[in-house]
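These notes concern the structure reproduced below.
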Amino acid sequence: MTELKAIRSNVSSIASDEKDEADLLQQQQQHNPTSTAKKAKRGFLRAFDFNRDNSPPQIFNATLYLSVFVFGILGAARGYDEGYAGATPSQQAFKHRFGLDDPSKTKQELKDLKSNIKSMVQLGSIGGSLLSIYLCDKIGRVRTLQFSCFFWIIAAIIQITSKNVGQLYAGRFLEGLLGVGPTVVCGPVYLSEVSPKSIRGLCNNIFAGAVYLGIMLGYFANYGVALHIKDGDERQWIIPTAVKFILAGIIFILSFLFCIESPRWLIKKGNIEQASINFSKLRNLPEDHPYILSEISDINEQLAIEAESMKNTTFLGTVKELFAVYSVRYRMLICIAIQVLGQWSGANAVTIYATELFGLVGMTSKTDNMMMTALLGVVKFVSAYLSAFFLIDFLGRRKSLYYGLSLQLICMLYFAIFLNICPQAVDDYENLTDSQKRASKGALAALFLSGTAWTMGWNSIQYLINSEILPLRVRNLGTSIIMCFHFVNQYANSKCLPYLMDGMNTYGAFYFFVGVLALGLFFSWFFLPEVAGRSLESMEELFNLPWYLIGRRGAELAPDHSEVNRVHAAPDHSGNAVGGDVRIDMEKPEDQQIENVESYNKANSKNTV
């Protein structure tokens, strides 16, 4: 790595030159209506423009996208099992193999058995998310991905060869413990650490969207075997289980070909030289480029501050820091609240019990039911990626969450009201009045729209927020604990939902979800700050504000002052960022950064002569 030199730059002369250039550019644009029209068009199409802060355009490159893609599709690990578990236990061959049609068992025993089979991966994932505290910090983000894929394959083999329910339990628990559990930590953390700040939300939502790629594949795998393989054939459940083996193998191989280790993890481990090399590959810039030097400087500065405050601290002391240090405690609490509110908002009910819910609105045919479940997976998959590309970074975290929660609340309320006033739809659909049948179709649409709303709302930030707001020193530890809460709530939710729907009636359960969503709307308005476009190292300043100001006025009171936020590509005469010289925002300059810019621009001008 090029070592940082001594500070010796004339800030005032640089600022003067910057001002003269800006005045000249303004005069030229006043006499150039084409340029003005072009900029107006760019403003209209801003949602399609990743480079909204005029960063060096080279940072958006194939090397970055391939690394993001591999870690992003890792989300399919947990998603596939949700879709798989939602439909496979309904297959006749699966029921016969694992005793779900045993006449000697009571109705309650069969319900408990089915619930245990479905929730075993979530139970294992609780331990897996905690195991990643060690894995991600010890062996790195990329090796953790490979570790998880390897044991995901082993777990799939155990399940495919299962002769009894005990072996199936073991395979599914192992899948959660060593396969799915670590992925929800290493995936979002890696994506936040390697992504440019202007597309960090998009990159993280590749992972969140892949959850629904997995769900969709799980639904269609079961729909396909139900359509083409006769009832009672063992292939009805073996083929959907074998898809896990294929998915894990593909990701495992791709990780060796395209994934570059997180530079932030390397810096944390003291390997600054390799971090600089990796940043250079991921940003497609030379190691001495001011953008890369600024990123490394920001990370080093933040780590130095954290190290000074936690000098001679043990592991238990680091755990204590999560809840003893004010700014970190606030971040942990809002992240945990997001997991709790998200898991109890009703989205799990729609995903896991989709076939049963479609039956409640009059769809009693098994094949039709599975087809609608598969279509629900498609809707969630498409809407998740539409949110990733056009909402989460363009609208910001808060607005995207507002729209998603509001739409989900309306859908859940409609479904609850329908079940309340028309409970006979499931048993006597043909005798419903015309208005009741139209209302039934509306309830069906509400289920689909609620899936779209979920991908816009809680799903778009539940993996993203903790990986981008926690300090680097405790990011992996904090994310592991937060995702442990995620799986604890998901496990409890999957176990409680049947009893909740029986005890409160199904419509009562959906009224409960409406209340949780209303609480979520207030929470996101008052407590959750807007962090779209901020560098990871600028979060400390934001979360040191008084707690009652962070959510509502944080972005206004604590703007991003990080070095990397002030490095921009010099625009051409039409206002577009170009890949040559770089400029810096002079609002809060630092001498070392000015020197880096000068050195790079001089070298760049020599190379282009």
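Numbering starts at 1 and runs along the chain as it is shown here.
Including glycine, each Cβ sits where the backbone N, Cα and C put it.
The feature compositional bias 'Polar residues' is assigned by TrEMBL to 25-37.
Annotation source TrEMBL lists domain 'Major facilitator superfamily (MFS) profile' at 67-532.
The region 'Disordered' annotation in TrEMBL covers 18-38.
Same-chain neighbours of the transmembrane segment (59-80): 50-51, 121, 125, 141, 145, 148, 152, 179-180, 183-184, 186-187, 190-191, 194-196, 199, 203, 206-215, 217-218, 243-244, 247-248, 251, 254-255, 258-260, 281-285, 291, 463, counting only residues six or more beyond its ends whose CB sits under 8 Å from a CB of the stretch. Look at TrEMBL and you will find 59-80 (among others) tagged as transmembrane segment.
As annotated by TrEMBL, transmembrane segment applies to 119-137 (among others).
Annotation source TrEMBL lists transmembrane segment at 144-161 (among others). Residues 70-71, 74, 77, 132, 135-136, 167-168, 170-172, 174-175, 177-183, 185-187, 190, 238, 241-242, 244-245, 247-249, 251-252, 255-256, 259 of the same chain, all 6+ positions outside the transmembrane segment (144-161), place their C-beta atoms under 8 angstroms from a C-beta of that stretch.
Per TrEMBL, the feature transmembrane segment maps to 173-191 (among others). If one looks beyond the transmembrane segment (173-191) by at least 6 residues along the same chain, the residues whose Cβ comes under 8 Å of a Cβ in the stretch are 68, 71-72, 74-75, 77-78, 81, 120-132, 135-136, 141-142, 144-145, 147-149, 151-152, 154-156, 158-159, 200, 203-204, 206-207, 244, 248, 262, 463-464, 466-467, 475-476, 479-480, 483, 486-487.
Feature annotation from TrEMBL assigns transmembrane segment to 203-225 (among others).
Marked as transmembrane segment by TrEMBL: 237-260 (among others). Long-range Cβ contacts of the transmembrane segment (237-260) within its own chain (Cβ-Cβ under 8 Å, at least 6 residues beyond either end) map to 63, 66-67, 69-71, 73-74, 76-77, 80-81, 84, 87-88, 91, 93-94, 97, 142, 145-146, 149-150, 152-153, 155-157, 159-160, 175, 179, 194, 214, 217-218, 221-222, 224-225, 229, 278, 281-282.
Among the features that TrEMBL reports, transmembrane segment is placed at 373-395 (among others).
The feature transmembrane segment is assigned by TrEMBL to 401-422 (among others).
Per TrEMBL, the feature transmembrane segment maps to 443-465 (among others). Through the fold, the transmembrane segment (443-465) approaches residues 75, 184, 187-188, 192, 200-201, 204-205, 207-209, 211-212, 334-335, 338-339, 341-342, 345-347, 350-351, 354, 357-358, 361, 363, 372, 375-376, 379-380, 383-384, 387-388, 391-392, 397, 400-401, 403-408, 411-412, 414-415, 418-419, 486, 520, 528, 531 of its own chain, all at least 6 residues removed from its boundaries and within a Cβ separation under 8 Å.
Under the heading transmembrane segment, TrEMBL lists 509-528 (among others). Non-local neighbours of the transmembrane segment (509-528) in the same chain are 334, 337-338, 341-342, 344-346, 349, 397-398, 401-402, 405-406, 408-409, 412-413, 415-416, 419, 457-458, 465, 497, 500-501, 550-552; each lies 6+ residues outside the stretch with a CB under 8 Å from one of its CB atoms.
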Same-chain residues at least 6 beyond the ends of the transmembrane segment (373-395) whose Cβ lies under 8 Å from its Cβ atoms: 46-48, 50, 52, 83, 86-87, 198-202, 205-206, 208-209, 211-213, 215-220, 222-223, 350-351, 354-355, 358, 403-404, 447-448, 451-452, 454-456, 459-461, 464, 532-533
